[in-house]
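Pulled from Swiss-Prot, these are the features on record:
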- 14-35: region 'Hydrophobic' (REGION)
- 106-145: repeat 'WD 1' (REPEAT)
- 171-210: repeat 'WD 2' (REPEAT)
- 215-254: repeat 'WD 3' (REPEAT)
- 260-301: repeat 'WD 4' (REPEAT)
- 303-343: repeat 'WD 5' (REPEAT)
- 395-430: repeat 'WD 6' (REPEAT)
Amino acid sequence: MYRTKVGLKDRQQLYKLIISQLLYDGYISIANGLINEIKPQSVCAPSEQLLHLIKLGMENDDTAVQYAIGRSDTVAPGTGIDLEFDADVQTMSPEASEYETCYVTSHKGPCRVATYSRDGQLIATGSADASIKILDTERMLAKSAMPIEVMMNETAQQNMENHPVIRTLYDHVDEVTCLAFHPTEQILASGSRDYTLKLFDYSKPSAKRAFKYIQEAEMLRSISFHPSGDFILVGTQHPTLRLYDINTFQCFVSCNPQDQHTDAICSVNYNSSANMYVTGSKDGCIKLWDGVSNRCITTFEKAHDGAEVCSAIFSKNSKYILSSGKDSVAKLWEISTGRTLVRYTGAGLSGRQVHRTQAVFNHTEDYVLLPDERTISLCCWDSRTAERRNLLSLGHNNIVRCIVHSPTNPGFMTCSDDFRARFWYRRSTTD
């Protein structure tokens, strides 16, 4: 059978695949030795693409291998992280240092929580002053692009119609600690230090108060809607995780007490298909749960070397969990094996963080973002290789307590103890 000549570039690609496979399998020192020997031109990410190609080669002829290498759905930049295949993906999305502040909104107290709607059109912010604001992202972008002379000549009616803050909600009596948009309805859920979970119908411009609420026994710390919108997970200061039916407010908990955390729950999140959810706790553990039975599937003990787990979220394909802890490290976990595949280090070099904040993906999952508490800057890493990118100074006058990135476009919101929330966006050259 005729075979094409193997050139230098082919061998370089082979060596990169070998390094990626060694990193994926946990042979870090061997991989580093090979890296030092062959000096690849770009950073290698953990991946088992080589194993898949070998399996194809053993099962089929070499044309199948060539087909696998060239398939558009094997390596698809911008669709999310998948280390089984995308060891050599070229990053297409902008890194954090290219974003700029487009709008700033102020509360009357520290702003410590924010959330995006599923379509990326709305952002809600919550404050220690017990208020909630809902902002329209298109209006924020339009406002930032508006010439100052046009802005100064706006009538009161025009200003109201174009104002980015479309709702301000007041019904809590203490700090708002968590927020979540309903996946299909114009409903916003909020949790507070006042021990209540409240539901707001923001489709009505005059609505300032919640139309439903749940009285909890402890301060709420994190909430997450089931993708159907029929249920909501609630993590509180108490270690027992709750699941509520939002129509009847019936509460469900795991039938096995051993499933539960041993300290306050800091983070709860469903995956996109609702067959799993993940929790992180002050006890230092990450727990993965079955979305149907509400039973704990597995526990990652001392996920951040015993430090408090601040956040835990799923990748788009639900193969990975991105977590952060008070050790100022972000980690990418492979769910099928429970292993840490990638560590994102370098934040907190000037001192270990004191307050909770989150690690997040950008909208394409090409980057991982994590605020640095001491420098008030945003650390950015290549999600596949953990290569550090340029820092972004966040412009706040106090520590950043929350970051949320848009699920659909290059925008994110930062919330700070300086009472402000900043909306950041990376405009394209055609904007």
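Positions of Cβ are set from backbone N, Cα and C atoms, glycine also.
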For the repeat 'WD 1' (106-145), sequence-distant contacts whose Cβ falls under 8 Å of one of its Cβ atoms, 6 or more beyond its ends:
151, 162-170, 172-181, 183, 188, 190, 192, 194, 200, 202, 363, 398, 401-409, 411, 413, 415-421, 423, 425, 431
Sequence-remote contacts (6 or more beyond its ends) of the repeat 'WD 3' (215-254), Cβ cut-off under 8 Å?
177-185, 187, 189, 191-193, 195-197, 199, 260-270, 272-274, 277, 279, 281, 283, 289, 291, 294-296
Along the repeat 'WD 1' (106-145), what average pLDDT does this model show?
96
Helix, strand and coil counts within the region 'Hydrophobic' (14-35) (DSSP)
19 helix, 0 strand, 3 coil
Given the repeat 'WD 6' (395-430), its same-chain partners at Cβ distance under 8 Å and 6+ residues beyond its ends are 93-94, 98-116, 118-120, 123, 125, 127, 133, 135, 137, 140-141, 144, 355-358, 360-363, 369-371, 373, 376, 378
Long-range Cβ neighbours of the repeat 'WD 2' (171-210) (under 8 Å; 6 or more residues past either end)
109, 112-118, 122, 124-132, 134, 216-225, 227-229, 232, 234, 244, 246
